[in-house]
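K.L.:
Right, I'll just put the structure down here and ask away after.
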Amino acid sequence: MAFFKSAVFLVCVVLAAAGSASRSKRALVGGWKTQDPTNPKFENLAHYAVSTQVEGREYYDTVLELLEVQTQIVAGVNYKLKFTTTQSTCKIETGVEYSKELCQPKTNKVEAVCTSIIYTVPWQNIKRVLSYHCDAPNDV
């Protein structure tokens, strides 16, 4: 009987260790997960982020290249996007809305490297820029 209890205990320990090892290979629940930046959904979110940045600007910025994307599942989804920007051809005026199709880059020179976190709750039609920060390209 003692042998049987020892064998059952040993099997339980092995199964627990195997389950723990497989969990460690998966993304941490609530942690950031790296995504493929070539997905058009992420590029659209980056354009959304730049469209909200109008204070103190005469022209909208526009996205040149999406560099990195991470997602985090919360009570919705947080998207952390890192991208390069430059000034666009669209002047910020009352009634003029940003569009990635219309607001083309004035030049292809990178003016800033920006990181933005966008919070979405698709089933409630919520989309908000939580943070937006840019650095000069040589500071990154």
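Note: Cβ is positioned from N, Cα and C throughout, glycine not excepted.
Per Swiss-Prot, the features are:
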type	residues	note
SIGNAL	1-18	signal peptide
DISULFID	C90-C103	disulfide bond
DISULFID	C114-C134	disulfide bond
K.L.:
Tell me the Cα distance separating C90 (disulfide bond) from C114 (disulfide bond), rounded to the nearest angstrom.
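P.N.:
Each residue's Cα considered, C114 (disulfide bond) and C90 (disulfide bond) end up 19 Å apart.
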K.L.:
Looking only at C90, C103, C114, the disulfide-bonded residues on record, which one has the least crowded Cβ, with the fewest other Cβ atoms within 10 Å?
P.N.:
C90
K.L.:
Round to the nearest Å and give the CA-to-CA distance linking C90 (disulfide bond) with C134 (disulfide bond).
P.N.:
20
K.L.:
What same-chain residues, at least 6 away in sequence, bring their CB to under 8 Å of the CB of C134 (disulfide bond)?
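P.N.:
Spatial neighbours, sequence-distant, of C134 (disulfide bond): T85, A112, V113, C114, T115.
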